[in-house]
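Per TrEMBL, the features are as follows:
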type	residues	note
COMPBIAS	421-434	compositional bias 'Polar residues'
DOMAIN	351-406	domain 'RING-type'
REGION	226-258	region 'Disordered'
REGION	415-435	region 'Disordered'
TRANSMEM	46-63	transmembrane segment
TRANSMEM	149-173	transmembrane segment
TRANSMEM	185-204	transmembrane segment
TRANSMEM	275-294	transmembrane segment
């Protein structure tokens, strides 16, 4: 952080000094205010002025962010670094389409600042929701949850950002039709309209989450001190087994798993809301592109075309994801099998998403004398990873692949196709007469490996496009060396004695046993 602060101070000092020199030079040549403005916006002086304006926006952004949000978390900084460069790059196309560079720089800097406020504020609201969920065991009233969100300064920021975005969009869009501003102002107005749509959609998401917390998640927990004897976790004789270590897993768990409630239809509403938001943004881009092309006889800018294409692609992708989620959720329990005790033991009884303990339904019922709720049932994916049924449903709202290995959850592995002829196959052992030849052992690496164990010898013969494997069985005596042999003709073989040297062998029939001659080395 100190390094970046030093670079910022150095950049600010350099920009301020250069702009001061430019201002002094322009003032010494100017006779009045209009001449001064002309000198400052001419040639190289304009570059120094634009650079100074950029520094002012950076400085104001850092100061205002510190005042509004305090110190940023690491994840908030990462989100800013990930999203702002691409967003600023898309705004550059608007800057190039406007002749008034200073005005376009002002609107561009304002747009980027408000976008950064939106990113940080949404991260803060997500953190508030996470902290509320983690603190549910201390909250016994739905009204307390409502007051927590209603009194949050970040909810106030979200409402203010919606009002500001709508006001800026209305101002810029209507100004261009009144002839006061430029086409660049219209394009910036579209950006504010898109940000207002995103903020409004996020407000509804927060409302849905608060509704779920108030009426589904915030329920009174049963008092463990007044449980009946049938509710005690008394292990039976059949469930007792030494050395398993499962007793600690059950003792550490809360005994109120059956009180866990979620809003099963919330993913349907949230994903539908995302689709509607993308549709509205697509309509914005299409309407303004039509008005520019038809009424102003101007081609739509690249930024507007890019935004419209991205919004329409989001509509298609989110619609497909919603349809896939609905079809998968209906048969989710049937498509995936429950994890066995052996599977849970291999996975250390830990869910890969929530990192909480998992239990076999049979063991849980035997130890707790009550059935395991469906959302806590361990499900085994086709890739072998195990997680809770409820965690899987929550994950499928975002993606249809495994959280760890990224394999498709519902993809069926294709069977291995038969290998075509001429490809390498695993040889099968056959009993073939050796015609008096001594057995030899071959290795793909070509390294000499002495052995005295029984071995298989593979000689690959070729006849046209056909490939045959002749297997010789025997014992390689101690002190012998095995080399790979390849048939190159009816009576010729190539023996590889090293990675760089090989020899040619030929077999000739005699009255006695077959003789092996070495013709030479390659």
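Glycine too: its Cβ is placed from the backbone N, Cα and C atoms.
Residues 91, 94, 97, 103-104, 107-108, 111, 114-115, 118, 122, 125, 158-159, 161-162, 165-166, 168-173, 175-176, 273-274, 276-277, 280-281, 284-285, 288, 292, 301, 303-304, 307 of the same chain sit 6 or more residues outside the transmembrane segment (185-204) yet have a Cβ under 8 Å from a Cβ within it. With DSSP states grouped into helix (H, G, I), strand (E, B) and coil, the domain 'RING-type' (351-406) comes out at 19 helix, 8 strand, 29 coil. Taken together, the residues in the domain 'RING-type' (351-406) have a mean pLDDT of 82 on the 0 to 100 scale.
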